[in-house]
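In Swiss-Prot this protein carries:
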ACT_SITE  209  active site
ACT_SITE  238  active site
ACT_SITE  255  active site, proton donor
BINDING   45, 67, 259  substrate binding site
BINDING   127, 128, 147, 176, 233, 258  NAD(+) binding site
């Protein structure tokens, strides 16, 4: 049995080698010839699974993407060909939410505001958006959500119409898939009209898909230099990056918001377990068994936390400025976008750290944010 695995998928080689011969490949440059005599294909979001790619896939029976997003896969085509498909919904929701929170925290420091005084508008209330909503509300931050699909499906949460959310939110963060068709397409959801209507004190974060925001219109909006702030983890034509847009952004990173070690381990184990089920194999893997101990597994609090403490403990685990600085330094080099993804550091989630303090430390909201907590006597 031959299994192609994206070379950027952690723990995949050791897991899938239990099932057959593993062939590691760079996901963005896979060709139809690569899939000749291949039984299974394990990918990430950079691999476009379409008619061209599988045109010579004479043995392919299983495709798994270790990502929550699935818009890079022609699922109807795979179904037509009798090829089983699976994804890893929710695997990276924590990492993406913590990326967005880091952007908020750092901008709060830089611009001199409190996140607790702001309204955060979340567009897209799927796995990521819903998790971010839970975290922010658990911290006592005012949140608005928009998701017409969830609303129409009878989701009991209170949804805000898009135009109202955009007008009422101080921070707008995007967590939608990319779609061009249907009742609620998201391609250029944030277009020239929306961007020109944004106030100078508003912040836009895109950690969803690049084309959700019209990057040319965003560049023109940022050129007004009226205080409007934008942070992008995804770009409309990535891996190509508009080098005129880059200096206008508060933060820019190479599609790594969901690249935390826990999220990648979850994605790998989810599709490994699905493939084992497909093969009627009893092997199973658990992400927690693969992860190393965090560099700083425990932090002690000696008093009730305040916003400064929150800044310190969250940034100790993940500070978006680290990725932003590397991106600006390296992006002009050939192939840099994918190299930064390939060589991404072992970023951890808040859950890798236990906060220890007594009852006066008010640890419960920090648990809502994702930290493990331990109340000392």
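One-based numbering along the chain as shown.
Cβ from N, Cα, C; glycine included.
Note that the coordinates shown come from a computational prediction; the quantities given were computed from them, not determined experimentally.
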Distance from residue 209 (active site) back to residue 147 (NAD(+) binding site), taken between C-alpha atoms, in Å: 16
Non-site residues, in chain order, whose CB comes within 8 A of the mean position of the CB atoms of 45, 67, 259 at substrate: 44, 46, 66, 68, 69, 92, 255, 258, 264, 267
Spatial neighbours of residue 255 (active site, proton donor) that are distant in sequence (at least 6 apart) but have CB under 8 A: 45, 210, 233, 234, 235, 238, 337, 341
Pairwise Cα distance maximum in Å, substrate-binding residues per record: 45, 67, 259: 12
For residue 258 (NAD(+) binding site), nearby residues of its own chain (Cβ under 8 Å, 6 or more apart in sequence): 67, 68, 91, 92, 93, 95, 96, 99, 128, 207
Cα-Cα distance, maximum over 127, 128, 147, 176, 233, 258, record's NAD(+) binders, Å: 21
Distant-in-sequence Cβ neighbours of residue 209 (active site), under 8 Å, six or more positions away: 69, 71, 176, 177, 178, 186, 234
Alpha-carbon spacing, residue 127 (NAD(+) binding site) to residue 259 (substrate binding site), which is rounded to whole Å: 16
